[in-house]
Amino acid sequence: MDFLRNLFTQTLGLGSQKERLLDELTLEGVTRYMQSERCRRVICLVGAGISTSAGIPDFRSPSTGLYANLEKYHLPYPEAIFEISYFKKHPEPFFALAKELYPGQFKPTICHYFIRLLKEKGLLLRCYTQNIDTLERVAGLEPQDLVEAHGTFYTSHCVNTSCGKEYTMSWMKEKIFSEATPKCEKCQNVVKPDIVFFGENLPPRFFSCMQSDFSKVDLLIIMGTSLQVQPFASLISKAPLATPRLLINKEKTGQTDPFLGMMMGLGGGMDFDSKKAYRDVAWLGDCDQGCLALADLLGWKELEDLVRREHANIDAQSGSQASNPSATVSPRKSPPPAKEAARTKEKEEH
C-alpha cells in the first residue's frame, strides 16, 4: 500500500507544494481573504444542518435526527422512506412524513440569510443545497442562484414514465394535507414531488452547473452537511487546488485520505490538522453562530436586522406570530467564538 501511495503521490502531484491564499488558517484568515480582490466568487455547499434551528430535523443525529424517529412508520429500515423502489409500493409513510416537514411551515435561518447577503454583495456564484425545504428560495435566492441537488417540492410528476404529468406545489400541498395519497388525474398512478430519492439520478442542472462553476470558484463555504452522500460530497474536490475551503459545522467532516480518495474517484479530502494543511479551515459549532461570527468579522452588521425584518414579513403574510417560533434570531453567544476549532495547532507548529 505504501508503494502505491508513493507512486500515486508522485504521479498525481498530491505531495507537491500548493499555493496558499490564506495568511492564517482561521476564520480571521478567511475574512481577510474574502475582503481581498482575490475573492470574487463564492460557492456555498449546504445540508440539513443549516435548517435545524428552523425546527427541521437533520437526518443522522443519534437522538433528534429524522432517521432516529421513524419507528411509527414501521419501515424495514429508516432509509426506505426515501427509496424510490419502496415508495412506488408503499407511498403512504413518505406522504405522512411530508405533511410534518412540508415547505411553507418554517422560516429561513441566519445561515440562509447569510447566503442571501453573499448574493447582495456580489460574491455568491452559486448555492448548492442538499435540502428540499425550499428555505433558500424563501430567504430570497432566485432559481439561477441555486442548484437543488436533491430536488424540490416546487413541482411534482406522475411516477408512470409513460405519463409523467406535472403538478404544481399547491396541488401537491392540498393532497398531502387532506391525507390522501396523491394520484395522477390522468392515469391514477402515484404522483411524487420532484425530490431525489435513493435510486434516482440527480437533476441535470447539478452536473451542468458543476462543470461550469467549480473551475472559477475563489472560496467554498460548506455548512451543515455530513458530506456522506455522493455525488454531492465529491463537490469539495472539484475546486482548484489553491481554493480555500471553510467548513462551518458541528463536527469536522470531509476528511478523506487523498490517496484513497483518488483511488475511489472521490478526489482529495479536507485537511484541517496536518502539517501540510494550507487551505482548509473548520469552525465547529452551531451553523447560525458560525455565520454570525463570520458576518461580525466581515463587518456585515445588517445580518441580524435582515433576519428580524424578513421573519416579521413572513409572520405578517401568514397572519400568525406563532408560526415557527423556533426560527427567530437565536441569542448571540458572546463573544462570537470566531476562532473556535480553526486549526489550533498552527502557531505551535510554526
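Glycine residues also receive a Cβ, built from the backbone N, Cα and C atoms like all the rest.
Per Swiss-Prot, these features apply:
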| type | residues | note |
| --- | --- | --- |
| ACT_SITE | His150 | active site, proton acceptor |
| BINDING | 48-52, 58-60, 130-133, 225-226, 249-251, Cys287 | NAD(+) binding site |
| BINDING | Cys158, Cys163, Cys184, Cys187 | Zn(2+) binding site |
| COMPBIAS | 315-331 | compositional bias 'Polar residues' |
| COMPBIAS | 340-350 | compositional bias 'Basic and acidic residues' |
| DOMAIN | 20-301 | domain 'Deacetylase sirtuin-type' |
| MOD_RES | Ser16 | phosphoserine |
| MOD_RES | Ser63 | phosphoserine |
| MOD_RES | Ser170 | phosphoserine |
| MOD_RES | Ser330 | phosphoserine |
| MOD_RES | Ser334 | phosphoserine |
| REGION | 312-350 | region 'Disordered' |
| MOTIF | 4-14 | motif 'Nuclear export signal' |
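All features noted in Swiss-Prot, drawn onto the structure.
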residue : record              : Cβ contacts under 8 Å, 6 or more apart
Asn131  : NAD(+) binding site : Val46, Gly47, Ala48, Ile50, Ser51, Glu148, His150
Cys163  : Zn(2+) binding site : Cys184, Lys186, Cys187, Asn189
Ser170  : phosphoserine       : none
Thr225  : NAD(+) binding site : Leu45, Val46, Gly47, Ala48, Gly49, Gln130, Phe232, Ala233, Asn249, Thr253
Lys250  : NAD(+) binding site : Gly49, Leu284, Gly285, Asp286, Cys287
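Counting every protein chain shown, the Cβ of the residue listed as 'active site, proton acceptor' has 20 other Cβ atoms within 10 Å. Model confidence over the motif 'Nuclear export signal' (4-14) is summarised by a mean pLDDT of 44. For the binding-site residues listed here (Ala48, Cys158, Cys184, Cys187), the lowest count of other CB atoms within 10 A around the CB belongs to Cys187. One way to see the shell of the Zn(2+) site is to take the Cβ centroid of Cys158, Cys163, Cys184, Cys187; the remaining same-chain residues with a Cβ within 8 Å of it are Val159, Asn160, Gly164, Lys165, Glu185, Lys186, Gln188, Asn189, Val191. DSSP assigns Ser51 (NAD(+) binding site) to coil, not to a helix or a strand. In the shown protein chains, 27 other C-beta atoms lie within 10 A of the C-beta of Ser51 (NAD(+) binding site).
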